[in-house]
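Scroll down for the structure; my scribbles are underneath it.
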Amino acid sequence: VFISITFFSCVLNDLTKSINTTNNFLIGMGYCPLVLELLAVFALTFYLLNKYGNWRKQSIVVSGATFLGWYMSFIIICVLPLDVVITFYNRCELEKERIALTTSSSTGPAANISFECEPPTGYVPDDFLLSLWRIVYWSAQLMTWLILPLMQSYSTAGDFTSLGRMKTALINNAIYYGIYLIIFMLLVIYAVFKGIVINTEHLKVILVSASNTWGLFLLVGLLGYGLVEVPRQLWYTGRRDYRLNKVYFKLDQKVQEKNDAEDAYRDAFKEARSVLNAVKNDHSARSKAQMIVSKFDESVVGHLFPSRSGADFATLTDADPILCTDDKYLIRLHQRSIEVIQMYNRANSQWKTLMEEAMFHEDIQQATLTGQLSSTSVSSWDAVIPSNVRYSWHVVLSRPIAKVFGVFLASMTVFILISECTFFIVSPTVSPAALLLQTATHKFHYTSTQLVSFALLTYICCCAYWTLFRLRIYKYYHLDSHGLTDDNSLLFSAALLCRLTPPICLNLLGLIHLDSHISHEKNHGVETQFTKLMGHLDLLPILAKGINIYLPFLILLFCALTYYKLGTRLLHAIGMDQFIDSDDVTMDAVSAGKALVQLERNKRGRKENRVRVERNGERSVESGRSFGWKRQREEEENVPFVEREEIGYDPPVPSMTRGGSSLGPSQWTDHPSPRNIFDDM
């Protein structure tokens, strides 16, 4: 934290100086759009962090580091298009100076030719933009390679003290840093073998090149999946049967995971309780055992152990007192308890979400027949929307709109893939992205240029980030959209996003031919401020003329694998159930999931009926009590008190039969109804 604060203070100081040296009113006004864009990215990052994490319960350091990592990655969506359009403006100024020098030495009509370069909307000085890139790039590198990995290991360590957790984090990361050091030394040896002089500047270029190459490999894999799945998922949104069957399938898969999580929770709690009972006489070990037991929620324990019977805790006295006082054993138990609790909370949350989603899709299908959307499908956000608007959107409009957007994004995918495969061909220009940008910049239409670069960059970032947020690495990494993501997954996602920032920028600049050392274009003119910061990473031939140029071709291969679902079919073939249409195993799982939804509906229906009966009973009791008191009060006020003998009272003989025989007066006993709360009942 101290290193980060010192670093950001130095860079912000440089940024402030560049702002203070600017006196141009137009430039000062140009900061407003950029500030608004940065605030919009800030709001988006805060929303996503609140959606996937829980800043109220998680450590403020974890939430802050995750927020900073995400923010530095999302910020390129608004900074890089601005850098591109300012670069074209600087080229216009350069062309203007060249024409002025040419016409000053000539006479005739050509000498009167002149034009003005109007600054684009949101123009900021080059020094400011360069300082902003310095903040974004070096903060991302510092976090992804140093701060976030240490915080990951610190958050997953089971030690009971901060010093012990930091020691464990350093030991765990020493292995990874050793691997990185070996790779770096191999690159240095390769550079020496190629005759490159090793100095400080070249070492910096080697480090940056290695980091960007690692991120480019990651970007290729994420884009290879996202460029296909993003438009396909939108298209599937318009297929109600497909979506409902997939939710049924997920529910059937989640049942086993939910049961396993409950069993693991029970075992961990019983083991923690047994350790607590075994270390009654050891104060140090007992305090650690109490810390472990306190991690378990009492409400969850009461749900999993409803009776608290002796059979549930029969193994509490089996723990070895000597083993229970061992710090290594307690650390492992503490770490396992944290993982088990997180896994249980996540499994239950996902189960409830899938169940609600399945019921919602069933209600939509029912609404297509009845013409009315069930009120049980209305969320808290939809409660303020009129019912006819909800019906029109969910039942009528959402399907065609989703399919239209799916087709549009599919065309964007084809556009990006062709550009990825042809961006290194400069003469003639065949890259669709470069051609589109050249058309937009014709006669220096800066707004069109910024919109085109913004659209391309936004779609690339959305595909890569969407894949990253959906990625699951067994129990190590999983982002839960209901605020139940663990600290390790949040920090790991921030590290991966920071690692993706430079490769995405380099990839876009290569697509639109704004990096001369990638496109090998001569007379390129002015470079972007991002390129000035990064430099041209062509020191190592294997990276400059090999991986950085031809690696994007692998995106096309990954897209083909994703389109034909070869990975899904392979996993399904080796026994890992995957959702595949018209497959017997999949259909069995769909049927089982549908039965689970029906059971849940019946359970909720019985609960609602029970609540309704209890509510009606309470109302009947209240109305009966008030009616009885009112009738008794009226009779006491209006009827005088007389003895039965005085008015010749004869008890009535009702016509009642029992077992076919009539009951006479001698068999009937006078029992007037009491005037109390049971009258109406």
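Cβ from N, Cα, C; glycine included.
Taken straight from TrEMBL:
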- 25-49: transmembrane segment (TRANSMEM)
- 61-82: transmembrane segment (TRANSMEM)
- 174-193: transmembrane segment (TRANSMEM)
- 205-228: transmembrane segment (TRANSMEM)
- 404-426: transmembrane segment (TRANSMEM)
- 446-469: transmembrane segment (TRANSMEM)
- 490-512: transmembrane segment (TRANSMEM)
- 547-566: transmembrane segment (TRANSMEM)
- 641-681: region 'Disordered' (REGION)
- 658-670: compositional bias 'Polar residues' (COMPBIAS)
In terms of Cβ proximity under 8 Å, which residues at least six beyond the ends of the transmembrane segment (404-426) contact it?
227-228, 230-235, 237-238, 432-434, 456, 459-460, 463, 507, 510-511, 513, 518-521, 549, 552-553, 555-556, 559
Which residues of the chain, 6 or more past the ends of the transmembrane segment (205-228), have a CB below 8 A from one of its CBs?
141, 145, 183-184, 187-188, 191, 413, 416-417, 460, 462-464, 466-468, 496, 499-504, 506-507, 534-535, 537, 539-540, 543, 547-548, 551-552, 554-555, 557-559, 561-563
Are the transmembrane segment (61-82) and the transmembrane segment (490-512) close enough to be called in contact, which here means at least 3 C-beta pairs under 8 A that are separated by 6 or more residues?
yes
Tertiary contacts of the transmembrane segment (446-469) (same chain, 6+ residues out, Cβ under 8 Å):
52, 73-74, 76-78, 80-82, 84-85, 88-89, 118, 120-122, 219, 222-223, 225-227, 229-230, 409, 412-413, 416, 433, 436-437, 440, 479, 493, 496-497, 500, 504, 507-508, 511-512
